[in-house]
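Here is what TrEMBL says about this protein:
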DOMAIN    153-271  domain 'C-type lectin'
SIGNAL    1-21  signal peptide
Amino acid sequence: MAKAFAVFIFVVATLVSQSIGAVVKLQGCGGRVFVDESVVIDAPLRENCAWEFETQEDRILVVTLVNGNLNEAEEYFSIHDGIDSDSPILLVENQKIHEVSRKDLPQAVYTTLHEASIRFKKTPVSNLQLKIQKAVPCPFNLGLDSQCGRIVDSSSCYCATFTNRVQVDQTMYCVDNNMKLISFENSTEEQLIQSTWGTQVEYWTSLTDTRREGAWIWESLMTIAEYTNWYPGKPNTAAGNSDDCVVYGGTRFLTFWGDTSCGTMAHAICEAQP
Ligand SMILES: *[C@@H]1O[C@H](CO)[C@@H](O)[C@H](O)[C@H]1NC(C)=O
């Protein structure tokens with residue numbers, strides 16, 4: 001009986017320290033952690049605990065507070081850009097807030113490197129949980145006639161290009177900037193993008209049936225479109241038609257999607273996900 005109880009305690013303790021949903025919970029005082037899924041530092045937090053975080057080399061890290069105000073909480077710890085002892089301290093106020101980034105996203109600190117450290121200088125008075133996630137860098141723009149921002153969540157980045165190009169050229173414009181032509185995975189994502197950059201003109205998406213007539217694939221993801229938002233009467237189902245690429249916006253399709261020739265000129269949205 002005692003043995004069974006000990007095994008039970010071990011299993012519960014292991015589950016608690018390892019993962020809750022997609023979140024890995026860290027306990028104890030300090031250590032080095034590779035960040036892929038979300039990581040949350042949970043109590044006990046006390047002075048002289050130092051955590052080191054690392055993610056893939058072409059990504060950065062973003063730190064948010066699960067509850068509360070990050071500015072106020074910074075009295076208890078410092079967030080460093082890198083893991084060396086002299087790595088610069090990052091502050092909430094130093095973060096560039098892009099004009100088009102969503103204002104209701106949680107306060108966040110972004111590193112410029114793929115490594116960061118968090119050092120506690122004081123024991124927090126109340127339960128304080130810090131969340132560390134992998135993020136993509138988000139430039140202010142991609143050059144002339146473009147605009148970027150953290151539109152959907154604090155870890156991904158979206159950029160609009162207000163230059164008209166054919167679908168394949170917009171695909172390559174995104175790829176040349178380490179991004180992908182947009183795929184709408186759900187209506188939340190689509191509505192956030194449409195409310196940010198509007199639907200006054202047509203924008204390309206990565207949806208196409210060039211590979212097989214009637215099989216609509218997000219080319220950027222190579223997945224079948226599950227969520228769809230077709231304009232009434234669309235898509236064109238006539239055999240052998242050449243409406244193989246998909247735009248939204250403009251006077252033809254408004255907030256909906258319409259299939260059209262891939263040689264049509266339109267603006268585009270690129271996205272980068274962590
Ligand atoms: C919608 O898509 C976005 C972007 O891919 C994702 O972050 C979000 O979790 C999705 N939301 C739902 C409700 O599936």
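Don't overthink the numbers, they just go from 1 along the chain as shown.
Here the Cβ of each residue, glycine as well, is placed from N, Cα and C on the backbone.
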(request) Tell me, roughly as an integer, the mean pLDDT over the domain 'C-type lectin' (153-271). (result) 97
(request) With DSSP as the yardstick, break the domain 'C-type lectin' (153-271) down into helix, strand and coil residue counts. (result) 25 helix, 38 strand, 56 coil
